[in-house]
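Note sheet for the following structure.
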């Protein structure tokens, strides 16, 4: 609606509820520069208050609050007049605007300032009425007098000149900081009576701020507004009248899904999905267009990646984790909307009742898991793309490429099984199978252990895309096969994960079983329970062929006389035929006496309990004393051929080694409180006994050698 350039005196009197008539001491139609001339300003007398300046001396004094408000307005007018500025301008303009205003030296014509003085007149009347009655001003613009009609006609002529001024001022507003109010250019008054309420404002604002003042920072959306059109150079707010956008450029209809907006610009009307930034020509409720028909590319493709976990030996596994990009899916009722050119096609075969009848037959075997899928094709991959840290990005690129491809699904060059028709993906035992649902024809069988990588699409609208990478049997080429699933693809990934866990468990059990069967059964005969023991060390065992003379109890654990007495008693009481041919096995821990023919154990003695050993008076005799119990000792006697030197040395070495082990074990434990006997004493005692026996042996042999050498 056109704005009146001035208001009639009768309308002002009607609004002031019968108050006194207002008169102005200065001409309203005079030139602005004439009123603001430096000479006139020097000789002019500033009125004391706003009412005296407006010619209302008879009006009673207003209240304290109104007086303060009027005083602030008066100060602003005085500062504006002193600075030679437009009094209808807001005093809070930036320094850049002040500099641009001072640079304009050409005076404005009186015709260009008529509208500004009319606004000042309107502001003054409103301020006077507010101070008198303390109520809101009601302006009736219906009944205009002849004076108002003339001024209105003049104002309409002036609007053409003001349009050019508004364009210049808008360019200044673009360069000025946000948050500063724009200058008053137009006062818009409704056609009917309207109450202009005074909200909470600062008292320092002038009266011109009460009408039509626009804030350039009205909202966060306007302050950072950027046009979405490809060819639009405008950076202004959509509220600007000269902006590239019209007021109805953005529409959110109730028939659109949540998150969608209808946008209108010079390129036409298209639909914008706010969370993802995707745009399309067709409404989102209809069949989605291909990417080539979209006015602009997707602004962002979100990829959160797959969780790389330990898989089986021949491949990797990605576990589907909760996506952090969940807010990006807001507003998409159907994840397939606005994504694929074939999304409107049904993935279930027709008719539906027949499909439901076939489901029990498909899942008749509980060990088989079926999933309705559609092959999107395959993409060749390299070993470098499957490297750790790069495989997830490579597979996601394959999913994007095959999901957005522009070729027809029925194109045989797409490389998909079933020529783009519905298929059944079956997980049976350890095999992934692709079966035609109609005649149950097997199209492809892939061993699960040969799958290198599999994953689920994580982009917005890609929750039903499943892909796996395996090597082709014929070409030995790595191929990434992508499928569009009827249900969320994470169900397939979970099932594959369970199968892989089962395969790994079976392999571990089989490996343990093979390791157990590889053992020598002859060594496990005497073991009551098959338990894994540490592998024993192979100890050196020496065997000697002797005659076992038997064992007799003795009174003392040590002494050569004890051994000689036992040997003499046995030799005198028995003959050679009564002696038992035997084998003596000498080990570092045990001395074992076995029968030569029957291999029966005649005696087994622990080396740790051996107390004394010696060679008898006859070099063929050897004996040692063992502790059979507390204060109980036994002497074992042998007849050796050709002599007892080798057997005595072997038993002595076993005693030395065993005693050294006992010393090492006692030094590591602190529980024992008994002092360890010196090693020299034991070694000296055993060595002295053996040395004495050897000396006696050599002494018996020496006379024979000397006698043999004499002629």
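Cβ coordinates are placed from backbone N, Cα and C, and glycine is handled just like the others.
Marked as phosphoserine by Swiss-Prot: 135 (among others).
The region 'Disordered' annotation in Swiss-Prot covers 140-257 (among others).
Annotation source Swiss-Prot lists compositional bias 'Acidic residues' at 156-174.
Here Swiss-Prot flags 205 (among others) as N6-acetyllysine.
Here Swiss-Prot flags 224-235 (among others) as compositional bias 'Polar residues'.
The feature domain 'WW' is assigned by Swiss-Prot to 254-286.
Annotated region 'Disordered' per Swiss-Prot: 277-300 (among others), in sequence order.
As annotated by Swiss-Prot, compositional bias 'Polar residues' applies to 288-300 (among others).
Under the heading region 'Disordered', Swiss-Prot lists 321-364 (among others).
Confidence across the domain 'PID 1' (365-533), taken as the mean pLDDT and rounded to a whole number, stands at 79. Among the features that Swiss-Prot reports, domain 'PID 1' is placed at 365-533.
If you look up Swiss-Prot, you'll see 460 (among others) marked as phosphoserine. Secondary structure from DSSP puts residue 460 (phosphoserine) in coil. Summarising the environment of residue 460 (phosphoserine), the number of other Cβ atoms within 10 Å of its Cβ, over all protein chains shown, is 26.
Per Swiss-Prot, phosphoserine is recorded for 518 (among others), and the stated evidence type is similarity to another entry.
Annotation comment: Swiss-Prot describes 538-700 as domain 'PID 2', evidence class sequence analysis.
The phosphotyrosine annotation in Swiss-Prot covers 548. DSSP assigns residue 548 (phosphotyrosine) to a strand in the three-state reduction. Other Cβ atoms within 10 Å of the Cβ of residue 548 (phosphotyrosine), summed over all protein chains shown, number 21.
In the three-state DSSP reading, residue 611 (phosphoserine) counts as strand. Taking the Cβ of residue 611 (phosphoserine) as centre and 10 Å as the limit, one finds 16 other Cβ atoms among all the protein chains shown. According to Swiss-Prot, the phosphoserine annotation covers 611 (among others), on the basis of experimental evidence.
Annotation source Swiss-Prot lists N6-acetyllysine at 702 (among others).
Annotated pair residue 460 (phosphoserine) and residue 548 (phosphotyrosine), C-alpha to C-alpha distance, rounded: 92 Å.
Secondary structure of the domain 'WW' (254-286), assigned with DSSP and counted as helix (H, G, I), strand (E, B) and coil, comes to 0 helix, 14 strand, 19 coil.
The CA atom of residue 611 (phosphoserine) is located 19 Å away from the CA atom of residue 548 (phosphotyrosine).
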